[in-house]
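J.: The structure's right below; bear with me while I get my questions together.
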Amino acid sequence: MSQNGPVGNGPSAAEAAVHRNDDEASRQRSTAPHYNSFPNYRAIQHETPNDHETSTQKQAAAAAGSGGKPSARVLGPDLLRGLLMMFMAMDHLGIALRPWEHGLGRHAEKDGVPVKEWNRPAGYLVRSLTHLCAPGFTLLLGTGVVYLGHSRRRQQGWSAFRLLRYFALRAVALTVVMIVHSLVMTAGQLWFLNIVLFALAADYFLAGALWLAADETERWLARRLARALVDNKDDDDTACARDNDMDAEQPLLHAAEGRPPTRSSTSTSTEAKAASISWHVHNGLLVVLSIVTIFWNIWLSENYGECAATSSSAAAMSEGVAVTAPAGRTPGWDDRKMDEYWWLRLWFYETNAPGVLSAFPPLAWLSFAIVGVLYARVIISSERPRRGAAGPARILMLHLAAGLVLAVAFVLTRLLHVGNLSEHCLQTPENRQPPRVGGSSNQYLASPAAFFYTVKYPPDVAFWALTLAANFFLLAGLWRVPAAFARKWLAIVLDFGTASLFFYVVHMPVVFVTGWAACVLFGHEPGPGAPPSPGGGLVSDKVIDSVFGFFAVWALCLLIMWPLCRWYGLFKFGKPSDSLWRIL
């Protein structure tokens, strides 16, 4: 008996026909994914452009129906990814229109940088919303690694080496796209502009390698545990046999009395128990690793995330845009040789060198990908039928529980002053006021803005917990959206979510060109205190600081992007699963 069913003496004609149909279906794949919100939503087969299936597709579907479930994309993550893409465009449009500062305060949220003044309320809310993007992208990246690996190994029989090579190829492809994008967007001034893409590429490969290692060692440990449990069971049975001389003479009597045989009938339960233990052990290790890889941002901080009472140098350092690297010295690094080993420093720190600007250190964001790996393992396990709550209800409870645990962790960072890179950094007017009698001197309790202030560059534990909690709460709701409803009313979100890399590359010129044109036509000269222009010709000297105008231009950018992403999605999903276009 094989994993997928009985094995005969050789391939039959019917099996060969099924393989031919599968190969033909791969070559003539539907031009859009079919969505199925995992695990129990109805799969919706997307039609071909002529709104009917070809005979080959029908045969492949019939073969899949007889031999297993048809491949289907997961709806919830696609919806979340599309939503985050829309938020990302909102974040970058804030740079193009300059209605407010690009940060929760008057500058980007950086390690050990004082906050003297809060952003205007609309800017604070928009920035808080867009904080979900990078954590959500990296979380879904780790999730996608597991889905893809599980499908290719279990259903298509890929070896570990072939899958690792695929992960490496995709990471290299993303890096090449980042380099080309950097040269185009900066007119050749920067060849390595890492404003998230390289971090995603590196973390994609690392998460893939981690999942492969966990998958191999989990099965190895399960086999060892099963062998140990069976040996213990055999020892117990042997001892019982010595006490009863009639066992060997009356085997049929024991069977008639309902006494279990010694090994054959219990082997399945023993293997299941061993697999469960191994699965939980590996999940526990992933939890520990995710915590370690976010706390090392605290441990590697120059001042462990604490600010001096006053720091004019830090304030001056924060005058740059969000991607500007801190000017402070990093422990253990010689500033005079910084340009020589920037390629080592960029893994943990923001980096600025000739032709290089990196704001997203890959290892600083690795924890989010590890959480994604853990999350996907739990979801895949939860789809299996078992006693208790039904699939959708169980999935909902898992999302809510994860969000609640992370929300509690965030609150504890505020109350216990643990896991923050902004200790003593909140120096706003309300923080400078002496605490009221009986009040708290905790800087994070001075106002709602102070409570939700977190550091993004690099992410501290508070940022990690808050943004992951919000993403899990969003997933809890999006997971329950019926596929038919999403396809009809949320098509724009799905199209963005299934063409995310294309959206990322194309939205930059769309946002900045549209923003520049809108400012020229409808903008006005900036007033006192307006954000400075980053220069470079991509941003107009005029600004649009109306909230209504900001969201109107944002909606226009999305409408421009929609047909482009839809076209690319149709093109992409018309390619075989191993095509380079599918990798991108």
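Each residue's number is its place along the chain shown, starting with 1.
Here the Cβ of each residue, glycine as well, is placed from N, Cα and C on the backbone.
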J.: With TrEMBL as the source, identify the stretch among 72-90, 281-299 annotated transmembrane segment.
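T.: In TrEMBL, the transmembrane segment feature sits at 281-299.
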J.: By Cβ distance under 8 Å, which residues at least 6 away from the ends of the transmembrane segment (281-299) in the same chain are close to it?
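T.: Long-range Cβ neighbours of the transmembrane segment (281-299): 210, 214, 217-218, 221, 305, 348, 363-364, 366-367, 370-371, 373-374, 377-378, 419, 421, 458-461, 464.
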J.: Quick check for me: are there 3+ Cβ pairs below 8 Å between the transmembrane segment (501-523) and the transmembrane segment (543-565), leaving out pairs under 6 residues apart?
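T.: By the criterion, they touch.
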J.: Do any residues, 6 or more residues outside the transmembrane segment (461-481), come within under 8 Å Cβ-to-Cβ of it, and if so which ones?
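T.: Non-local partners: 37-38, 75-77, 79-80, 83, 109, 131-132, 135-136, 139, 294-295, 297-298, 367-368, 371, 392, 395-396, 399-400, 402-404, 406-407, 409-410, 413-414, 418-420, 452, 454-455, 490.
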J.: When you scan the chain for residues with a C-beta under 8 Å from the transmembrane segment (363-380), skipping those not six or more beyond its ends, what do you find?
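T.: Here the qualifying positions are 38-39, 134-135, 138-147, 150, 199, 202-204, 206-207, 210-211, 214, 279, 282-283, 286-287, 289-291, 293-294, 296-297, 347-349, 395, 398, 402, 458-459, 464, 468.
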